Amino acid sequence: MKNFISINDFSREEIFEKIIPGCKSMVAKAKTKKPLGWHPSKKVIFAFFEPSTRTLGSYLEASRLLGWRNMQINGAEATSLTKKESMANTVRMFAAQGADVLVMRTKIEGAQRFAAEILEADDWNTSVQNGGDGTNQHPTQTFLDLLTISEKLGRLDNFKIGFFGDLKYGRTVHSLLCALAHQKNISLKLASAPETVLQDRYKKIFKNVEEGDSLDILADCDVIYGSRLQEERFTADPVSLQRARDRFKISHKQLEMFKKDVIIMHPMPYVEEFDPQIRKDSRLIIDLQAWHGIPTRMFMLEEGYKNRKKKTLNNEKQKSEFEIITKMKLDKYMEERKSKKTVHKYFMPINNGTVIDHIPRGLGIKIREFLINKKLVGDIGVKHIIEDVPSKKQRLKNVLVLEDIFIPKETIAAISSFAPTITFNIIKNNIFQKIKIKNPSMISGIGRCPNENCITNHDGEASSKFTHHNDNLYCYYCEKEFEQREII
Ligand code: NCD
């Protein structure tokens, strides 16, 4: 594994059978506190554009124990980013300064994925590791959390886990959930204020989810995991902020209500989540958890270094497969068409050209614009945009009729990426052909990610990319899901 950017990049086997055992194998070595060697030619650059105590500190200790060189940048204000240098050029510079591994912590979401892409495209051999990107992901924290659960609980499946505090903005919660979603018999309990509830997209991946707005619902949990109110990302008013804080504080009294052998975790920093009186309670295992950052990141550094030369991103354009649904003589098709009452009521047939069919309602006009921008049609080239045609597959659809116009294959693939339902009727030389793209690629260079914190809204070189996810679109960089109409 070369890059550690998002838990979503890894399979169950990779996380639970390779990474966690790998982190475990470093525990004894980390305990000795003795450097394993001296490797001044290996270099890690830490670019931390948000504050950090544990992630940066444990990575630094990991690199000392491995005998590597390191370079450390603390705060975006210490770099030329404040002079409006782009993220792309900033990371290119780190690679040029010898980073075998580049660990980044950013407020901007998806910056690490973008960095990995830029460096691979420029042929740098650098592993990119995400020390936290905004509210999105913090994968290396998840690995140390899992290492801790495995050590204390003796298993990584079949338990009840309760999360409390800021479940909306807490990236460590999101990453951990993505990993636990692979495991059997995990029940979730979620305790949070209305302002900080977990987004549906994370809840959806679990079968057993119980929600409440008090810590009481965590009474039968095997693991309890807290998250600080992420004030720096919080948008609600200060009164609700304070209310949320007061409600989610674990005191002695509260502790009595939990299981006797519960383990209580927190990525730290904690602010008011624990009463100082319970700091020494053996159920609170946050010090062990934080210490596990060292062996975990020793493994991350070694693994990233080993694989730094691998090409992991598929830069080649995905080959689109065309599926021919129907091919017949045009007159035969016209005969058949007559028998379909609904269709010919709405638009006139053409003898030469392309009909783009099964376009989701509202997208017809966007595809028309796209074709005009590509100079494939002039303003008058589109004979009809038919709104609200009843269809069996979609309740209402749009149809574009392009008389005497044929679209190149790449453009057909690009149009299909707008929506996988789209089909193309091509009428040429008295032959009618209906085709469809089997594997519509990512939507790229079309639309804008609505997340203001997404790297695509912060770097001119980062153009938006989306994949289809059920009926929605999923941003390749910030990993957030949106409805199609929010994007195009
Ligand atoms: C967390 C983070 O930065 O996401 N801390 C950490 O890395 N251990 C949690 C937080 O800031 O609340």
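Backbone N, Cα and C define each Cβ position, glycine as well.
Copied from TrEMBL, the annotated features are:
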- 2-151: domain 'Aspartate/ornithine carbamoyltransferase carbamoyl-P binding' (DOMAIN)
- 158-299: domain 'Aspartate/ornithine carbamoyltransferase Asp/Orn-binding' (DOMAIN)
- 349-437: domain 'Aspartate carbamoyltransferase regulatory subunit N-terminal' (DOMAIN)
- 443-487: domain 'Aspartate carbamoyltransferase regulatory subunit C-terminal' (DOMAIN)
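Across the domain 'Aspartate carbamoyltransferase regulatory subunit C-terminal' (443-487), the DSSP tally of helix, strand and coil residues reads 7 helix, 14 strand, 24 coil. With DSSP classes pooled into helix, strand and coil, the tally for the domain 'Aspartate/ornithine carbamoyltransferase carbamoyl-P binding' (2-151) is 76 helix, 33 strand, 41 coil.
Each residue in the domain 'Aspartate carbamoyltransferase regulatory subunit N-terminal' (349-437) has a pLDDT score, and their mean in this model is 85.
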